[in-house]
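Student: If you scroll down you'll find the structure; I have some questions about it.
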C-alpha cells in the first residue's frame, strides 16, 4: 500500500436528476454522505450538484475540542498526518483542544489558533491536491460563535447539531448541469482499489436509466394529517417580540431576529427533501447525513441566502443579505395570481419597516467585510432586488469585497459569523438578548452549510428553509426580523410563512395534509 494518497478521477454519464442518482448510489443509507445542489431562481433549472458518496474523516467540533474520526484507511493516514501537524494541541487519540485566546487586539484574536485550524490543515495540507480534492463538506452551527465570544449559557434544543461538523471526502460525484457533464473523483492510499471502486460506481451510474431514476421508495406516514406544533405559541412569541422591542426603544439594539421551532413527524427525510427541491428550487439545496455523539441525524433544506462565498482565483468575498418578506400572490388552487403577486411586491418595496430593516443589514454586511478586506474594495453590487420562491418573495442585495492577502476564507467566516439577517444589529448584543428569550441553542438553524476546497474556495449558505431530523422528528425553525415598528402578530405570521415550504414538503412526502398548532 502506498504511503502517499493517490487521486483518481473518471468522467461518467450525465444524469439530470442528481438527487435520484445520489439515492441510486446508496447516498441515502450511507453514514457521512452529503449532497449539495443549486438551481437558478428564475428558470428553476439545475446549475450544479456535488455529492460526497464516501468520507475518509468525520470532523466534529464541540466547544474548544475537535474530534477527527477516521473512517477509512486513507482517513487514518490523514489523521496521523494531522496529529503531527497539530501535535501541541493533541490531547487524546484523534482529539485536539485549543485554549481560548486572551488577545485584546481584534486581528490577533481573529488569527489566534482555534478549532478552525483543524479544518484549515485538512483543506490545505492533507498531502494531496487535485482540481476536485481535498473537499470538506458540512456545516457550522449558529452556536459556534460561543467558542469565541461570551454568550449566556442555554440548554440543548431538539436541534442537536454540534458546533461544527464536516466530512473529508474520499469519493465525490461532481455534476455540471449547464454543460451536462459529470465526474467521479476519489483519493486513497491504495490506487488499485480506488480505481476499481470508481469503475464500479461508473457502471452503477450507467445502469441508472432515466426511467428508474425516480424509483426511490418512500417511508409512509401513519395517518392522513401531519400535525405540526410550534414550541412557542403565538401569544408567547408576541410577548417575546414586545420584550425585544423594549431593548430597541432603550437603544440596546436596532434590530433583532427571534425564532421558533415547528416540530412534525418525518419518517423519510430524503423524500421530504425531494419534495422541497421540486416545489421550492433554490440556489442552495442540501441533504446531509451525519452522526454526533452516537446519534444519527439528517439535515436538509433549500436556502435562498448565501452565507459567505469566497472565490480564491480573484479573492472576492460575497455576502447576500436577504431581509423583507411577503407571501407570494396565490390563487385558491395554489397557482400564481400575477396581479396579487405584483401587489405584494409593491407593498414590500414601499414598506418603510422592510426598507429600514434591509438597509440596516446591508450596512452590517459592509461592516463585516471591512474587518477582513482590502481597504476601499467593498461595494454594494446589487441593492433591493426581489427574489421569488414558491411561497414567499424577498428583498435581496449583494455586497462584495477583496479578502486581505494575509487571511483565508475560514478567517473571513469567523469574522463575519453569524449573518445579521439571523441575528440583528449590533450582532453580539442581539445574540445575547436572543439567548435570553429563546433559552436554547439554535443548532444548525442560522448557521452555515457548504464546502471548502483545497484551492481555497469556500461557498456556503445560511441554514434556513431547512429541517433537522432525528429519531423520525423534524425540527423546522424560522425567524422574523423585528425593528421598532414591527407588529408582533405579523412577525409571528412571518415565521410560519417562512417555515411553510419545508413543512409542506414533509407533508407531501408523507401523503398527508398539514395541521399547524400555533
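Backbone N, Cα and C atoms are what each Cβ position is placed from, and that goes for glycine too.
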Student: Of the candidates 19, 38, 48, which one does Swiss-Prot list alongside 283, 284, 285 as binding L-tryptophan?
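Tutor: For the L-tryptophan site that includes 283, 284, 285, Swiss-Prot also lists 38.
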Student: So if I draw a 10 Å sphere around the Cβ of residue 465 (chorismate binding site), how many other Cβ atoms end up inside it?
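Tutor: Residue 465 (chorismate binding site) is surrounded by 30 other Cβ atoms within 10 Å.
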Student: DSSP three-state call for residue 357 (Mg(2+) binding site): helix, strand or coil?
Tutor: helix
Student: In whole Å, note down how far the CA of residue 283 (L-tryptophan binding site) lies from the CA of residue 479 (chorismate binding site).
Tutor: 20
Student: Roughly how many Å lie between the Cα atoms of residue 494 (Mg(2+) binding site) and residue 480 (chorismate binding site), rounded to a whole value?
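Tutor: About 6 Å separates the two Cα atoms.
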Student: Calculate the distance in Å between the alpha carbons (Cα) of residue 480 (chorismate binding site) and residue 357 (Mg(2+) binding site), and round it to a whole number.
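Tutor: Just about 11 Å between their Cα atoms.
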